[in-house]
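Participant: Input: one structure, supplied below.
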Amino acid sequence: MINGTALILGALVTLVGMPQFINYFRVRNEGQMIREEGPKWHQKKSGTPTMGGMVFIIAIIIASLVTGVIFHGAKVSLLMLLFVLVEFGLIGCWDDSIKLLKRQNEGFKAWQKLLGQIIGGLIFFLVIKETGVALQLNIPGLGIWHLGGWYALFVIFWLTGFSNAVNLSDGLDGLVAGLSTIAFGTYAIIAAHQQNIPVMIFCMAVVGSMLGFLVFNHKPAKIFMGDMGSLALGGALAAVSILLNQELSLILIGIVFVLETLSVILQVLSFKLTGHRIFKMSPIHHHFEMLGWSEWKVDIVFWIVGLIGSIITLISIL
């Protein structure tokens, strides 16, 4: 009942709000500028409405709070997840707004985005520390590592790293929305197993909102989530793993996000050290496009990889 309410509310609010938001951009003749360094055939997407993350963030907030208040009360953990979602979403919103105003694909400077992410991560840590969250990591094969105050650095790194990882992965229609549905759905199952109702409510609200968003974001996308959506989802995903004390599970559940990020790092290092590129283009989803794969094929294969990582995680935890 609780799961269904959060999921349905998230989907309904997104389905109702997104058409109006798309129409707003079309009337103003504004949209996403596509970077010239990407695949040439992506240029036809230029002008597609963006910042769809604004709608599904609102949908997640409404679905989470309504379901939380009705069934369980708005607990601190639920409010902190919403804080991370909104704070990281606002960073992306500012970034997207600059791009739209300048009509180019360059927004925030890297240090400005990083500063906002660090502040968000630090606030999240300070609050969860007071709620009694264990400041430790359960590392398979190595046991439990008690980090104490050093856990703050881990939290900041985790939220910042995964928000940027999801952001890097958002280069194909429907890719991140599908992967996020799988990842948050997996954490909803883990939260239910732990009887952590607030986190379960939040995760199901995200799943519902993502399913609603996919109606408009599948190829050919009628709207993009923008940095507002991808940064918010990545930060929230990391925060969920922390509140469930399953931080390192995100490496498998979010395996595609990890691989996308590693492909960029390896590409840059290889080119600087040897003058040669490992991939035809990075992030790695573009590499497969350059090999002749359609966007749908990349989406489906990457979704399957994400699903396999999630299934392995569930088998090991439950």
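Note: Cβ is positioned from N, Cα and C throughout, glycine not excepted.
Checked Swiss-Prot, it gives:
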TRANSMEM  2-22  transmembrane segment
TRANSMEM  51-71  transmembrane segment
TRANSMEM  74-94  transmembrane segment
TRANSMEM  114-134  transmembrane segment
TRANSMEM  139-159  transmembrane segment
TRANSMEM  172-192  transmembrane segment
TRANSMEM  196-216  transmembrane segment
TRANSMEM  223-243  transmembrane segment
TRANSMEM  251-271  transmembrane segment
TRANSMEM  298-318  transmembrane segment
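I would like each feature placed in context: is it buried or exposed, what are its neighbours, and how far apart are things?
Facilitator: Counting same-chain residues at least six beyond the ends of the transmembrane segment (2-22), those with a Cβ under 8 angstroms from any Cβ of the stretch are 49, 51-52, 54-56, 58-60, 62-64, 66-67, 70-72, 188, 192, 197, 200-202, 204-209, 211-213, 215-216, 222-223.
Within the chain carrying the transmembrane segment (51-71), a Cβ under 8 angstroms from the stretch's Cβ atoms is held by residues 1-2, 5-7, 9-11, 13-14, 17-18, 21-22, 78, 81-82, 85-86, 89, 92-93, 96, 100, 197-198, 201-202, 204-206, 208-210, 212-213, 216-217, 223-230, 232-233, all 6 or more beyond its ends.
Long-range neighbours of the transmembrane segment (74-94) within the same chain, counting only residues 6 or more positions beyond its ends whose Cβ lies under 8 Å from a Cβ of the stretch, are 51, 53-54, 57, 60-61, 64-65, 68, 107-108, 113, 116-117, 119-120, 123-124, 127-128, 131, 159, 163, 167, 196-199, 201-202, 226-236, 239-240, 243.
Packing against the transmembrane segment (114-134) from elsewhere in the chain are residues 76-77, 80, 83-84, 87-88, 90-91, 151-152, 155-160, 163-164, 231, 235, 239, 242-243, 245: each is 6 or more residues past its ends and has a CB under 8 Å from a CB in it.
Long-range contacts of the transmembrane segment (172-192) within the same chain, counting only residues at least 6 positions beyond its ends with a Cβ under 8 Å from a Cβ of the stretch, are 3, 166, 199-200, 203-204, 206-207, 210-211, 213-214, 217-221, 225, 229-230, 233, 237, 240-241, 244, 246, 249-250, 253-254, 256-257, 285, 289, 295, 298-299, 302-303, 306-307, 310, 313-314, 317-318.
Sequence-distant contacts of the transmembrane segment (223-243) (same chain, at least 6 residues past either end, Cβ-Cβ under 8 Å): 18, 21-22, 25, 32, 48-54, 56-57, 77, 80-81, 84-93, 95-96, 107, 117, 120, 124, 128, 133, 155, 158-159, 161-167, 169-170, 176-177, 180, 183-184, 187, 191, 196, 199, 202-203, 206, 213, 216-217, 249-250, 253-254, 257.
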